[in-house]
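J.: This is the feature table in Swiss-Prot:
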type	residues	note
ACT_SITE	100	active site, schiff-base intermediate with DXP
BINDING	161, 187, 188, 209, 210	1-deoxy-D-xylulose 5-phosphate binding site
């Protein structure tokens, strides 16, 4: 199966790597890492941005001269009302009409609140936002988010920043199978093999921050993740062989033995 070009909110993206802008050791490393990733979509917490003067913001000013699709997120919001307010502020400041809805109530797990996420997604979609909600790996919830207007859905592989990888590949596979909008795997991916697995399961892309920013060499890790996306996508398009319980010889042993005995 060949993936069609990735289109979200009417925008065609050449890169399937979405990358976060936080937690890098310094702005130089941040810039070089983003460059190595080839990412077009950058996400950042709105609460960390100077909304009065976004062009002078310490996070965004180092990205001058390059064109990105900004994906502000509502990290820090505890309910739908807060997320909606934050999204409106970001749009009013001219950042973007793309918004990553991120609502959690537990500082320990940072797991997304399903009810509040659904409410915020529906409300913001009605206001004309291009909404990409961060959610759990629940196939039913992911489908409901799509139905209320999500432009793409972003299920977590595991809790944010844990690096635990894909805890429930079955659910992720079902989410992809049932979706009519792009699925971007978000949170918990820790290595290039995690990324390749997500793409092999049929994901349309991945969003990463901690696994890259906190790596010993963020620039190299960004390149590794970029190549893993490409490898995983190629593997998905090529179609893996079915898994079986018992072995199958790659050579026709019966035919070879029969020919040898006749000789």
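Note: Cβ is positioned from N, Cα and C throughout, glycine not excepted.
Tell me what's around each of these sites.
T.: Cβ neighbour count for residue 100 (active site, schiff-base intermediate with DXP): 29 (other Cβ atoms within 10 Å of its Cβ, all protein chains included).
Cβ neighbours within 10 Å of residue 161 (1-deoxy-D-xylulose 5-phosphate binding site), excluding its own Cβ and spanning all shown chains: 15.
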J.: What are the non-local neighbours of residue 187 (1-deoxy-D-xylulose 5-phosphate binding site), defined as same-chain residues 6+ apart in sequence with CB under 8 A from its CB?
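T.: Sequence-distant Cβ neighbours: 134, 156, 157, 158, 159, 160, 161, 207.
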J.: How many Å separate the two farthest-apart Cα atoms among the 1-deoxy-D-xylulose 5-phosphate-binding residues 161, 187, 188, 209, 210?
T.: 10
J.: Between the binding-site residues 209, 210, where is the Cβ count within 10 Å the lowest?
T.: 210
J.: What is the number of other Cβ atoms found within 10 Å of the Cβ of residue 188 (1-deoxy-D-xylulose 5-phosphate binding site)?
T.: 23
